[in-house]
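Residues or ranges marked as active site, charge relay system by TrEMBL: B:Lys78, B:Ser158. The active site, acyl-ester intermediate feature in TrEMBL is assigned to B:Ser182. According to TrEMBL, the feature domain 'Amidase' maps to B:26-475.
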Amino acid sequence: MSIDIDTARQVAHLARIAVQEDDLPELARELSGILTFMEQLNEVDVDGVEPMVSVTPMRLKRREDVVTDGGMQDKILSNAPDAREGFFAVPKVVE
Amino acid sequence: MSDLTKLTLAEARDALRKGETTSVALTEACLAEIEGAGALNAFVHHTPEIALEHAKAADERIAGGDAPAMCGMPLGIKDLFCTRGVPSQAASHILNGFRPEYESTVTQNLWDAGAVMLGKLNMDEFAMGSSNETSTYGNAVNPWRRGNDDAQLTPGGSSGGSAAAVAADLCLAATGTDTGGSIRQPAAFTGIVGLKPTYGRCSRWGVVAFASSLDQAGPMTKTVRDAAIMLGAMAGHDPKDSTSADLAVPDFEAAITGDIRGKKIGIPKEYRMEGMPAEIEKLWADGADMLRDAGAEIVDISLPHTKYALPAYYVIAPAEASSNLARYDGVRYGHRAKLAQGDGIVQMYEKTRAEGFGPEVQRRVMIGTYVLSAGFYDAYYNRARKVRTLIKRDFETVFADGIDAILTPATPSAAFGLGEMAEADPVQMYLNDVFTVTVNLAGLPGIAVPAGLDGQGLPLGLQLIGRPWEEGDLLNTAEVMERAASFVSSPSKWW
């Protein structure tokens, strides 16, 4: 499977990473190389094999559905690049 | 006492308990070594005030006569661990300036045991790399050199700073994390011991996530005994990590008895790779002889799906990474790109992530995005997860047949030069993980033990793989091999 420039552009957008138009051919080539390496997996007979969900068979723990933490707005916002009036600030989303 | 920084954890513990030294003296000696080791670029955030505060508290506790084994031990902490108030940025530009308001469970466990934090250690960005060359802090440098050649070598990766710091005696031990070999490969490249515990043995809470089904923290130490001591303090059930195992933490050090008579050690034929250097092949055979001489039975075994571990890993790990790294969006923490007039939120995400992530991280996030995208999910991701089931089944089969541990080389080569792989295909770099990645896919414990030197005087390591939750037994076998190999070399100081 090889990735063309349009696919590389689409993947970069899905991943929300800006890639310059000039860099797309190289990106497509690299991604194609990695995917070719992965294609060895097609040699394996996986009929009837369950895809692994958890490496250690375990039942996820449950706890009571109650509030256990909170009331730390300052701490939550302390690392934000732009925090105003107790909120995270971002460019306008809704026109 | 002279050469305080060269002490093992076991030696330092005994010296502290006998009152022959103090944690403050140990800590000051390490801080002085760190100060003089800028050329290694191992420590990237220094915390001398915290270190001395921890050390004073440890000395008081020791004087009180009720101190756990790790009390007073000066440690380096991989930058992947969140440490309260101290920069924790996974060696990424996108987490520039990030100071967590919380402490990872593993580091909290270590501080609760009285350990001392010297600072944060260099690594590959988001633990993605095998040479520490993807770090935003620049390369960490291996204290080992090829004979008199002054070419700089990689300490391996991703826990390259941890490995360099322990090998150069800048700290008594360090934390590492291992997703595909990131503890064991750098340990092998620097002549130290690196243990990846069973998945779930150590809590992942507060450790910056790369691939959540594979990531596991572990100790990087000077000896196998030290790995046992330190794992005991790091491990334990944590309600904040739903995948951490609700099992009692055994006394790992007590499991080191020196007796491995009757143990069955498997030698997997699939690990004999084409083009394997003769030195590695010989080291492997020597390791088997050492274990045989100690009374173990050496058994040829087969792990038929080994060949597919690396491609399966490079589907699963990037898939999980693309999901985990979606959180770096320039909103809640770290870097945000400067926006142009009229840029909206999508441009903010795209520019922030393009500026914030280095090339290898971008590549893996995009590969992960691709293999999870509609139309390819079954062909790549689900197929890789099925192959993972088969890889785990290979191990279960040999363990059910009575194998106690599996012996393999740790790496396909000794440490290579920094920059030597710059022109290589990304896949060439991935081949570093060929002997270690199966262990993560199967969730097993694995340990790298220094076993010899190559023709250029560089350390080489062997790997032992154990049964799940039997780190104690694995450490016991590793200690026997360590003693037989009697690896005592250390790098001559040039930094």
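In case you wondered, yes, glycine gets a Cβ from its N, Cα and C as well.
Under the three-state DSSP scheme, B:Lys78 (active site, charge relay system) falls in the strand class. Here the Cα atom of B:Ser182 (active site, acyl-ester intermediate) is found 5 Å from that of B:Ser158 (active site, charge relay system). Counting only the Cα atoms, the space from B:Ser158 (active site, charge relay system) to B:Lys78 (active site, charge relay system) is about 10 angstrom. The Cβ of B:Lys78 (active site, charge relay system) lies under 8 Å from the Cβ of B:Lys120, B:Leu121, B:Met123, B:Ser159, B:Gly161, B:Ser162, B:Ala174, B:Thr175, B:Gly176, B:Thr177, each on the same chain and at least six residues away in sequence.
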